Every structure is written in structure tokens, then in C-alpha cells.
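Everything below concerns the one structure shown next.
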Amino acid sequence: MNTKAKENYQFQKIVATVGVLLFLIKVLAWYLTNSVAILTDALESVINVVSGFVGLYSLYLSSLPRDRNHPYGHGKVEFISATLEGGMIMLAGIIIIVEAVRNLMNPQPIGKLDYGIYLVGVTAIINYVLGWYAVKKGEKNKSLALIASGKHLQSDTYSTIGIIIGLVLLYFTGFHWLDGGVALLFAVIIMVTGYKIVRGAISGIMDETDEILLNEVVDYLQEHRRENWIDLHNLRIIKYGTVLHFDCHMTVPWYFNIVEGHKEVEILEKEIIDKFGEDLELFVHMDDCKTFSCKICSKQECPFRKEPFEHQIKWTIENVLKNKRHNSATTDLK
């Protein structure tokens, strides 16, 4: 288990444990108040607990070393975990809507509101702080499972805040419909959060192009390109857990021997590691330059130049993703 994976796993342990404690606090608050809004918040916490342990197990699996059956590792399980967690958030929203509608149609007497407000207020603060840290750590360590857990906790906070507002208004006004009305409003908000998590996870499972990451990679390499890197094409980036896999073709001078060509690949790898960290794999296929490459090759001392240099082609997503050497009229088939 590498350092980042270990950090993610240990933090998710905290998330799962705190989820159990907060659930018990909300059950106590519901027992004291008999509020359907607090009941729905407690029901959502059940899902928090389940998803917390699902996330914990997925982080354990994703941290396992590669084996014969999983040559790219087990990182994809984080996308499955995030899909389940997002689905659970949406399910919690549906449950809250059902209970809120029932309460609007048949309002129930409310008990000790002040105690209930204090208790759920404490859970809201703890949830948001823990969720914020989970999202930040997940973004730092590139863990979708941890990000999903953090957003789940934050969505729980939003619904809890809504419940607190409703209970405070109910406490001062006596309007019992507020109990269900506010719960209904925030149920919609957390369902939207759940949908966004599911959408992002499915994109990862389907290896959908990450436009933001691609732009960042291409712009960075364009800024640090060397004259021996005549062009870069057929670039692919896939994320497996905390590991990024880069696959590309790089055109170098045709007269380079294996040692010289490999040196350019090592320099490219170092540039990418300096920017994106050590959790990556780089596979580079070297292409030899052709006559049509001369016009876009800025190498000053080339003993075999056949055409004068005219201009350098700027690397963009459009030309780097194509399986075609720059300035070529044909597509590479290899």
C-alpha cells in the first residue's frame, strides 16, 4: 500500500466511525422531538454509515498491489464505490421526500425541539468539517472514493441545516407544516448532489476524456517541450484509483539510437512526474521523423535536414489526441 493509498484508507476509517456516532446522536434527537424532519435526517445517516464502510472497503481494494489478473491494479473499484454512494444519496433524498409528504398531509405533534436543535446542530458542524477535509484529501491524493464520501457528508450537512431552520421556525411560529416543507426542499438539493457523484463515477468507469486534465497536460508539455520532441500524438490518459496512466507517441529524429531516444523519454517522464506526482505510468512509443517533419522541426543542428524549418506547430488537444504525426497527410496505423 503506497503512502497516498494508506492516507486515504486511514481517513476513511475516521469517516466511517464518525458516521456511526452521528447516526446515534440523530436517533436520540428524533426520540426527544418526534420530528419527521429529524427522522429523515437519521434515515439518511443510515445510508451515510453504509456508504462509509463501502468506501472503506473500496479504498482497501484499490490499494492492493497489481497481480496477474489485475495488471493495472484495483483502482477502478473506487468508481464503483462512488456510483453506489451517489445512488445511496439519491435514495436518501427519495426517502426524505416520501416522509416529508406524509408529514405535510398528516402533521405530527412535536416534542422537545430545543434539545433536538442543539443535537442536530452539533452533527451538522462535525459533518461539514469532516466532509471538507475528506474532499480536500481526496483531491490531493486523487481518490474519487474519498471525494464522494466528503461530498456525501457535505450534502448531509445541507439537509441538516435545512432541518434546523425548519425546526427553529416551527419553534417560534408553531406552523407544523414547516417540519415537512423544509425537509422536502433539501431532499431535492441532496438528490442533485447524488446525481453529480454518479455522473462523475460513470464517466470514470467508461474512461470518458477528462478535458480539464488533458488541457493541463498538453499546456504543460507545450511549455516544457524540447527541440528533440518533434511532435507528440495519440495521447491517452486513464485514471485507475490514485494512479494516472499516460500513453502517447513521440516523434524524435530518425537517426537517434536507442540510448538517445530512451533519454528523451526519461526527460519527458521526469517533466510529467514533476507536475503530476509519482503515482503515474508512462508508456511512450517512439516514431522516427520523416521528410514532412522538417518544416515543423526547430532542431538547430540537424545533419540530415531535407527541408528548411518554417514554423513549429503548437501542441493542442486537437492535434495531440489524434493518431497522426503532425504535418502528415496520413494517419499512423501502428
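Using N, Cα and C of the backbone, Cβ positions are placed for all residues, glycine too.
Per TrEMBL, the features are as follows:
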type	residues	note
TRANSMEM	14-33	transmembrane segment
DOMAIN	16-206	domain 'Cation efflux protein transmembrane'
TRANSMEM	45-65	transmembrane segment
TRANSMEM	77-97	transmembrane segment
TRANSMEM	117-135	transmembrane segment
TRANSMEM	156-174	transmembrane segment
TRANSMEM	180-198	transmembrane segment
DOMAIN	210-289	domain 'Cation efflux protein cytoplasmic'
For the transmembrane segment (45-65), distant same-chain residues with Cβ under 8 A (at least six beyond the ends): 1-2, 5-6, 8-9, 12-13, 15-16, 19-20, 22-23, 26, 73-78, 80-81, 84-85, 88-89, 91-92, 123, 143, 145-146, 148-149, 152-153, 156, 241-242
Per-state residue totals over the domain 'Cation efflux protein cytoplasmic' (210-289) - DSSP helix, strand, coil: 32 helix, 29 strand, 19 coil
Confidence summary for the domain 'Cation efflux protein cytoplasmic' (210-289), mean pLDDT rounded: 89
Cβ-Cβ under 8 Å with the transmembrane segment (14-33): same-chain residues at least 6 beyond its ends: 39, 41-42, 45-46, 48-49, 52-53, 55-56, 110-113, 115-116, 119-120, 122-123, 126-127, 130, 134, 149, 153, 167
